[in-house]
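Listed in Swiss-Prot for this protein:
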type	residues	note
ACT_SITE	109	active site, phosphoserine intermediate
BINDING	35, 36, 37, 38, 39, 40, 41, 42	ATP binding site
């Protein structure tokens, strides 16, 4: 990584977050979905995106695969690259937060320390960690890309759940059994949590 740039100044937005939230009628928040590959993070994030959009809310999905096509296409899957991947996502999510958007991030984000760093970028009530809890067997049966099979065959190195660890959240804001519940139930659980926290109506 290059040295940190100097002689730069943060420019405050001409329209602040509070004004945007007041105009739109809802708060912005980072909803951070974490879990194994195949646990349903992207599926749930996108289904929730549709549900919130239908309510007239401003939302955006940051998906792990999509981000690696552009912003993070220079990163691999070593521990240090995973850390940098999540650091970048945390910063991007913070920008969306300031823009008054409900940002839905769907990343394996296997290490607790990296998720905690992302949380600490914003205020306590601005970050909601949701653990998509599905056991490894279920995740493997959902693997349409064949990634788990390749990992078990040694064709993919540093694959979370097989050759690289996943550190489960110790105290997530919400834990959903995405292995057994259908997508509508999962979406309803998240929306109920958002209502409970007065983030949406």
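Note: Cβ is positioned from N, Cα and C throughout, glycine not excepted.
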Assigned conformation of residue 39 (ATP binding site) - DSSP reduced to three states: coil
Non-site residues, in chain order, whose CB comes within 8 A of the mean position of the CB atoms of 35, 36, 37, 38, 39, 40, 41, 42 at ATP: 43, 106, 108, 132, 134, 139, 178
Residue among recorded positions 37, 39, 42, 109 with least C-beta crowding, 10 angstrom cut-off: 42
Nearest-integer angstrom distance between the alpha carbons (Cα) of residue 39 (ATP binding site) and the residue listed as 'active site, phosphoserine intermediate': 13
Distance from residue 109 (active site, phosphoserine intermediate) back to residue 36 (ATP binding site), taken between C-alpha atoms, in Å: 9
Distance from residue 109 (active site, phosphoserine intermediate) back to residue 40 (ATP binding site), taken between C-alpha atoms, in Å: 14
